[in-house]
Amino acid sequence: MQKEVVDSMAMKRALTRITYEIIEQNKGIRDIVLVGIKTRGVYVAQRIAARLQQLEGATIPVGELDITAFRDDHPQDIASAPSDYQLTFSVADKRVILVDDVLFTGRTIRAALDALMGGGRPQSIALAVLVDRGHRELPIRADFIGKNIPTARQERIKVSVTEVDGHDGVEIIN
Amino acid sequence: MADRYLILEDGSAYLGEGFGSPAVSTGEIVFNTSMTGYQEIITNQIYHNQIIAFTQPTIGSYGINHDSYESILPTVKGVVVRDVASISTNRQRRWSLDQYLKQQNIPGISHIDTRHLAKQLRASGPMKASIVDVADAHAFDQLGATVLTNQQVAAVATPKPFPNPGTGLNVVVVDFGLKHGILRELSKRACNVTVLPYTATTEEIINLDPDGVILSTGPGKPQDLPDSVLTMIQNIQNRIPLFAIGLGHELFAMANGASIMKLSPEHHGANHPIREVITNQIIYASQGQGFAVDPATIDRNKLITTFVDLIDGTIQGLRFRDFPAFSVQFFPDGAPGPTEVRDIFDEFVESMQQARGPIW
């Protein structure tokens, strides 16, 4: 069974609200960089960056992070883990906002923190997610949440973005 | 139908035909360009003590229905139209406009060259006007001598708190001359609402433990309200999510150091494209404003401009930088339409949910 819990309008609002909350909590956009986690986190990050640009008239750097090699559930990848720093800009002294579509166990975020290392020492790292579905396995929480969706563990959450899936929305599948 | 006159403060007179109540009345005349929605406009309390001239040539063709009241009793002083529909048809129709205005003791006047009148008002700004039986020197003397009250909010806002119960989030609406659309949109979202008089103090609001506060629309000039209202806003805005609409928006801006200017020509209608700054999208909304926030006086370290009118560049929405307090000048309840701005109420509900934190 599949049920749409966030439609395109609600998704647009969630991104708008996250953008305002970023400005509220950082007292502006000074030193802010966005880092999207591939695949859909990147598009979410780009949309937030576009909104920040509309409001503040300044371009916010958006980085893309591929965390596959840093996952803890593929031991063979760790052996061959690339230590290459993936971003095209340094995060030293920046206020980094990691962006992903869904926050679940927290393991992706832990891997993303690993992948960010080597880019200098950021002022701070915050986390923005479109959906927080609970069931954390690590001491990680989001600073900016589009929508809290309580789920059962075996359910799946599917975030669609126009750039990849042809439409915007969040579906719950069980 | 009897011949009647619409006379204006500047000495001009228009011959027309009376409908509705035969009463003689005086108020400030404004023109409204909405194509539909005359019932919502006539019953909107922002038009307290005003005479509304509709530029849409035929008014009344779908009568008056149960669902489109924006207040219990309308307090407009008159309705000016080119043609009043002699036959009105609609599935939901209860009365004709003529019957309704008779019941409410509001005079109407038809066969007025509303296009000419609108041009005149566009040049002069709103002025005093009367609907009278004889346009003689005496009538003009009377009109000139009439002093219109500046205590409109006190006249239309509720004197006592009242509830509009729901099962969801707890919302306090501060009433400056509420339109029903605000309560209707909150009801749709199951909010548990308490409406307080505009004289409500910070303590009275905080003691109700609201998840969010709405400052309602209302009539008149924001500077005519007591400073205690601004103090209340300053004390509330950083503690509880705040959504201010219309007159509430002007007060929210004043509470944060901006000043309010008279707008000429005024905005009464739904034909202005408005840009939502954050998404760069164009929206349309019903407007009813005689005042606007002066853009030069906005402290950009405090407020972000969120909506801009593309016809004259006036500010249509503001938001505080440091906490979830935001406002719109237009009517987000979509009564009358366009309805596309109603999701600002969803934004407000989501801000309240976010401020409360997750449910687990």
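Keep in mind that glycine also has a Cβ here, set from the backbone N, Cα and C atoms.
A TrEMBL annotation is a machine prediction, not a hand-curated record.
Residues B:G218, B:G220, B:G290, B:F291 are recorded by TrEMBL as L-glutamine binders, and the candidate that the same record lists for that site, out of B:L247, B:L251, B:L318, is B:L247. Following the DSSP three-state reduction, the secondary structure of B:F291 (L-glutamine binding site) is strand. Helix, strand and coil counts under DSSP for the domain 'Carbamoyl-phosphate synthase small subunit N-terminal' (B:2-132) come to 30 helix, 49 strand, 52 coil.
Per-residue pLDDT, averaged over the domain 'Carbamoyl-phosphate synthase small subunit N-terminal' (B:2-132), rounds to 96. Mapped onto three states, the DSSP output places B:L247 (L-glutamine binding site) in helix. Between the C-alpha atoms of B:G290 (L-glutamine binding site) and B:D333 (active site), the distance comes to 19 Å.
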